[in-house]
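One structure is given here, and the rest of the page talks about it.
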Amino acid sequence: VSSSHLQLAAFALGTVGWILCAVSMGTVEWRVWHVDNTTIISSGIAWVGIWKVCFISYLQVSPGYIEQFCHKFSGYDSSIPAEIYVAQGLLLIAMFMGLLGLTATIFALRNVYMGITHKILITRFFLMGGCFYIFAGLCVLIPVSWNFYSVAHNQSIAFPPSYYMPSSPVAQEVGAAIPVGIVAVILLLLSGVFSLLYRFPVATSTITK
């Protein structure tokens, strides 16, 4: 048990990283667009995620009410940039790989804390868990970096007319999902490294006269 403190920390970090990966994937604020035409986007701000784009409009159906409009991205929208579709696929893979990493780590820790001294089995599962964590972290890193690059260069998106979105914003900034994704990457990579550092303790014996 005393030799697996890092791996226990890896499990904790991997769990938090996996949860943050899910939060980042489900959050619509990947890019925050500032637009000058407020006829429909009344607040002048739209949120571009990897699954949909949303904005608030004051076009009221009842006095005193505002409504948030969201348009989900379709696989048939060829105008949607590649980094959005890549982010969808890689984050789904990251969720699956992270879950495999957690499962492998749990199994190895169970054997350690139950006193099952199967050296090869425990070591292999810690190594598997570490590889899964690192792969999951890289799968999150790619879309986060790519979308951050797009925001930094104020790249436009040719939305279909039905989205009521301009093709380019006046300015755009990083949304909450990207920093959450960066933290998830750091935690997943750390948990992977900690898992890979496991060394099965070598039994020692003393001879007394």
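Glycine too: its Cβ is placed from the backbone N, Cα and C atoms.
The annotation transmembrane segment is assigned in TrEMBL to 6-28 (among others). Long-range contacts of the transmembrane segment (6-28) within the same chain, counting only residues at least 6 positions beyond its ends with a Cβ under 8 Å from a Cβ of the stretch, are 47-54, 70, 91-92, 94-95, 98-99, 101-102, 105-106, 108-109, 112, 126, 129-130, 133, 136-137, 140, 144, 175-178, 180-181, 183-188, 190-195, 197-198.
Sequence annotations record features per position, and here TrEMBL assigns transmembrane segment to 40-59 (among others).
The annotation transmembrane segment is assigned in TrEMBL to 84-109 (among others).
For the transmembrane segment (121-146), the residues of the chain that approach it from at least six positions outside its boundaries are 7, 10, 14, 17-18, 21, 24, 50, 83, 86-87, 90-91, 93-95, 97-98, 100-105, 107-108, 111-112, 178, 181-182, 184-189, 191-196, 198, 200, judged by C-beta separation under 8 angstroms. Feature annotation from TrEMBL assigns transmembrane segment to 121-146 (among others).
For 176-200 (among others), the entry in TrEMBL reads transmembrane segment.
Here the transmembrane segment (176-200) has long-range neighbours at 3-4, 6-7, 9-14, 16-18, 20-21, 23-25, 27-30, 49, 94, 98, 101, 105, 108, 119, 122-123, 126-127, 129-134, 136-137, 140-141, 143-144, 147-148, 151, meaning same-chain residues at least 6 beyond its ends whose C-beta is under 8 angstroms from one of its own. With a threshold of 8 Å between CB atoms, the same-chain residues lying at least 6 positions outside the transmembrane segment (40-59) that come near it are 25-34, 66-73, 84, 87-88, 91, 143, 147, 157, 159, 163-165, 169, 175, 177.
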